[in-house]
Amino acid sequence: MESSLTARDRVGVQDFVLLENYNSEAAFIENLRRRFGENLIYTYIGSVLVSVNPYKELEIYSKQQMERYRGVSFYEISPHIYAVSDNTYRAMRTERKDQCILISGESGAGKTEASKKILLYYAVTCPTNDHMATLGDRLLQSNPVLEAFGNAKTLRNDNSSRFGKYMDVQFDFRGAPVGGHILNYLLEKSRVVHQNHGERNFHIFYQLLDGGDNDLLTTLDLERKPQNYHYLVKGNCPRLSSVSDKNNWKVVMKALSVIGFTEEEKLLNIIASVLHLGNTQFGEGEEGETYITTETQITNLAKVRTVPLVLLGVQICKNTCKKMISPLDFEQAVSARDALAKAVYGRTFTWLVEKINQSLALKVGKGCSVIGLLDIYGFEVLQHNSFEQFCINYCNEKLQQLFIELTLRSEQEEYETEGIAWETVQYFDNKIICDLIEEKHKGIISILDEECLRPGETCDVSFLEKLEDTLGGHPHFVTHKLANGKTRRVMSREEFRLLHYAGEVNYNINGFLDKNNDLLNRNLKEVMCQSDNQILSHCFRREEVIDQKRPEMAATQFKNSLTKLMEILMSKEPSYVRCIKPNDAKQPGRFDEVLVRHQVKYLGLMENLRVRRAGFAYRRRFEAFLQRYKPLCPETWPNWHGRLADGVSALVNHLGYKAEEYKLGRSKIFIRFPKTLFTTEDALEAKKPDIGASLILCYCLFLDVFLQLYVQLISLLVCVFLFRFIKGFIYRHEEYCPENEYFLDHVRYSFLKNLRKNLPKSVLDKNWPTPPPSLIEASEHLRRVHMRNMVMKYCRRVQPEWKKQMMQKVVASEIFKDQKDSYPQGVGRLFLDSRLEREQINLKVIQTLANDKVQYGVSVVKHDRRGFKPRSRQLLLTNTFAVLVDRTKLKQRIDYTALRGISVSSLSDGMFVLHLPNEDNKQKGDLVLHCNHVIELVTKLAMMASKVNYVNISPGSIRFAMARGKEGIIDFVRGSELKVTKGKRGHLLVSAGRKVFFIILKNISAS
């Protein structure tokens, strides 16, 4: 950081604590303006990061930038959101204490973008595996989902968060993200039913209408035009030039998929139902009773919410109280409709956060460290401030109180650790304002609750009167009645003013009681409990209807959740990011000083700076300070070998520091005035040319001496190693000993190095380098291991169909290899699942086989037992038997269990004999068949029948049984051309290309 001080006149200082006039707001803003003009959007106030929204893309968020800040000391390089992220992460890892980062600022200042950058930094830089990468994706993808349902276009920001969010990111002992959890605060439910001019409802409504496909909109009974929906036209801003609702719809749907969301249809039904509910209109009868005039809308509403139509229509128009039913007037019916819409949307949003939490839930047990991210609304002062602004500014009062308390505590702890006397700091304690709002029985929230619960006629005016009676003398509370004449001229009679730490804010009381009640009629709750939509039935539980206890008011609920949030933050070590927007027009390069001054005041930055500068402006560890400035003192240059404190003391004495300008702690130096540091930095800048010249001279001298020594050393080493090598060669045939160890180790190393480069690449490659005598046994072990490894890899790569092919080829090899002449040609071709197409097998045959599925089929030639006439047949193999088929008829069935054996010749013919039982005269005898794929057929038949060991290969002749106890003989001889003839004495002569065989069938009497 100190290196940038030489350019401070152009780009300002990187840390506001180094401002000369730190009490000047003008100097503070001027420093921001200078840095903003140079695209330097980040500045420190001690450990607090101030960020100015540039309204344009800057090239400072790449992965290279992340690596630049990874593991680097906080002040070592320029300020950045990544520096805060990394410093927080390293503190969590090293100190084993939970951390949190508090991000604040008004709408449009860049809070949401800052939280995204922090999450992205952790997703990219933290250790990860497949599960953790999925979790990282879910953490990042939760943002577009929450933005769609919780963000909206306001006058100040096109993507304004209308809820507060606190996210815990959980890390395991290795520092890898393993879980997450989100808490949401104060969703602006009133935006569902009303928007100011120029503003929009929540993004999801417009995204659904613009991005949803036609079938989806038809299912939901929706139209594409937002102007057709009452809840979307009040702001008169259906489209945004800076936002593509259609593209954002795709992003949201993808994000829901990544998170693991499976209930999109039910969720979108609810969103559609809110739009239909807003279009529900009422009429008023002669006696003041209310009825619904838009039956279509109530029908659509009942359809998408899956609640009874009659019940829904009736209950909106009536009120039930203690078993008395009374009709609602027109205004009450409209209020009931809007209350139902707000309740449905608000509870659905809470349910959505719960679903996201389930997808981020920690799966590995307890014992993890946590980094919390608080992205919450900044101080709001609008032209019309109501109940929502009151709650938001109350939240900021509590955060400011926590901020000052933790900052002072951190400063005091550092002073005590370093042994420096603590000096009392004067600052504005806003506890008086927090008590004014939250004190029991006397605070504004208690009075508001009391007025809501008081029997009789109550209204917003009576609430204001009660405030005046109770808080009339409070220095931070003013109303028109209590104010002086000058203030009365600018205050309405329906307003009260609070003097916050950040300034004065007037709140209009209209709607305070209704918004604090935030109640839904019990009869409407009962109807919603009957919904078939699982999300709604989860959001509206029947126990809530049965419970007679009145729920807490909205302000009290918010106060209690805020108290829990403060407890969470107090249990962690905090870091701070303060976001500022430079202009209201969202234009890059434009710096509105009035607007920035307004935010500096509301963020309490000057108060923060005064607290940080109350003691010392600059502090550094001894080693860092001495390392940077040691060239300025002869005693410390080029190196200091004593105690670090003594070295720093010698350095500051040489520089002429006065006693009131600095203090030495136990491990750090504290400098009171920025001017002292600037003078030191300027002296270092002036000294750099001399330092550079002396370093170059020293380097040249060192290089000359080093080269001489290097040449001498290399020569000596060459002689030594050459002598050892020659001596080892002479003793190479001896046992391993000091004389030959170098040579033998070199030979072994050379062999292993050569082996690494020349390892066989396939299982068929049998080459292997010849090993030296001392490595023969090891070489053999390595060869076997490598071969097993290649075989294992090969087997893993083999597809199931190739594995089946190989198994069949192995069986074929066992049966035919070196025994049948046609084996090389037969086994070299692919074995097919079947040689017959399904259409070639007659349908009647398939129907006859019924459940016995044909596993293999092939065309064969059957030779009659009498006359040996060839007849074309099909041989079909099933799992349990084979059949011989003549067109549509099953001529013969051969059960595998009855098959006695298979005989083939040793020549290249396709003849084979199936030996069948021949115990009685009714048997027809063995089958004599010919097939062009005899190797394939016999292999498959032997495997399916489990008869691999029953295949007989005859080199001369084959005997086979005939009917009535007769026996036939087939003799095989070689020939020159393919020809089948019947020989003398009943012989059948078959010539088969270069090899001829004779089939001699000789009837032999059984006797």
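Note that the numbers count up from 1, one per residue, in the order the chain is shown.
Cβ coordinates come from backbone N, Cα and C, glycine included.
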Need the matching range: TrEMBL marks region 'Actin-binding' on one of 378-400, 562-584, 631-653, and I'd like to know which.
562-584
Helix, strand, coil residue numbers for the region 'Actin-binding' (562-584) per DSSP?
9 helix, 8 strand, 6 coil
Within 10 Å of the Cβ of THR112 (ATP binding site), how many other Cβ atoms can be counted across all chains shown?
22
Nonlocal neighbours by CB distance (under 8 Å) for LYS111 (ATP binding site), same chain, sequence gap 6 or more:
ILE103, SER104, GLY105, SER161, ASP375, ILE376, GLY378, VAL577, CYS579
Any further residue of that chain within 8 Å (Cβ to the Cβ centroid of GLY105, GLU106, SER107, GLY108, ALA109, GLY110, LYS111, THR112) of the recorded ATP site
ASN53, ASN157, SER160, GLY378, CYS579, LYS581
Give, as a single whole number between 0 and 100, the mean pLDDT over the domain 'TH1' (820-994).
84
